[in-house]
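As structure tokens, the structure follows; a few thoughts come after it.
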Amino acid sequence: MATLGNPQNTIAILNKYNFTFQKKFGQNFLIDTHVLNKIIASAHISKEDFVLEIGPGIGTMTQYLCEAAREVTAVEIDKNLIPILEQDTLSEYDNVTVINQDILKLDLNQLVMERNDGKPIKVVANLPYYITTPIIMALFEKGIPIENITVMVQKEVAQRMQAGPGSKEYGALSLAVQYYAEPYIVANVPANCFMPRPTVGSAVIQLKRHTTPCVIVKDEKLMFQLIRASFNQRRKTLLNGLNNSAELSFSKEEILAAFEKAGISPTTRGEALTLEEFAKLANSF
Ligand code: SAM
């Protein structure tokens, strides 16, 4: 079994199996031990933990996870990688299960129930960048028991997740993520830590799931509709943004009444409102 995490051993495995990278699957494999160690350390994995890895690739980070965790399940969409993982890079670990599936199609609640008695899991991944947001939102919105998510994402996406009101990165993604979790950027990662090198910058971000909701919202769906409407037309005032939204069907009078009840000026822009204020506004309709 090859120990991965450096360019030589990664190239050796790729050559041995005549593997060709598939751009459509966002394949950029990690080849830097410092970055791998940093991800594992920041995820605070112990021998008690069940870890879900999304997109193991040739199993580089999976090897680190198997060493640190009690049990690992790695979900990989590319069938060409499965023999490499099962017969080679993970063959000596008895605490790993590889599932050849699209992560967005897997019933993760059932998986957590079966493999971890429904108790909170840790998610660790060098994510395929083309579906970062759908993966993260699915993990949160489906109510999967999660303690924390430690993932490599595109640098700009990490900045948007962590951004607060008033900054240009602040938007619907910041609010959606911060509603469920506390984000913390662990490290920026340069392109030369991957093979092939991505054309964008990368960062590791940790999302620590709130144990109690940070805001109380009567109608979550409405709050997120208000958030989307406010940021879809970024340069408009909130009143115009909400009034012109295809997703909402409130009259101008109803919108003005809700603003008054929430104590928010209708001429404010969405980018100035905190999550608490969006919650208050949603509760005022
Ligand atoms: N973890 C490996 C590493 O760090 O070297 C590979 C990371 S690579 C950025 C992303 C991985 O996710 C690839 O192996 C890719 O095939 C896989 N992938 C892409 N889309 C996926 C999906 N929908 N479900 C599961 N895996 C996916």
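Sequential numbering from 1, following the chain as shown.
Glycine is no exception: its Cβ is also placed from the backbone N, Cα and C atoms.
Look at Asp102 (S-adenosyl-L-methionine binding site): DSSP puts it in coil. Annotation comment: TrEMBL describes Asn28, Leu30, Gly55, Glu76, Asp102, Asn126 as S-adenosyl-L-methionine binding site.
Look at TrEMBL and you will find 35-211 tagged as domain 'Ribosomal RNA adenine methylase transferase N-terminal'.
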Long-range Cβ list for Asn28 (S-adenosyl-L-methionine binding site), cut-off under 8 Å, min separation 6+ in sequence, same chain only, gives Asn126, Phe194, Met195, Pro196, Arg197, Pro198
In chain order, residues whose C-beta lies under 8 angstroms from the C-beta of Asp102 (S-adenosyl-L-methionine binding site), counting only those at least six residues away in the same chain, are Ile77
Other C-beta atoms within 10 angstroms of the C-beta of Leu30 (S-adenosyl-L-methionine binding site) total 23
Here the 10 Å Cβ neighbour count for Gly55 (S-adenosyl-L-methionine binding site) comes out at 24
DSSP, reduced to three states, assigns Asn28 (S-adenosyl-L-methionine binding site) to coil
Top of the binding-site residues Glu76, Asn126 by count of other CB atoms within 10 A is Asn126
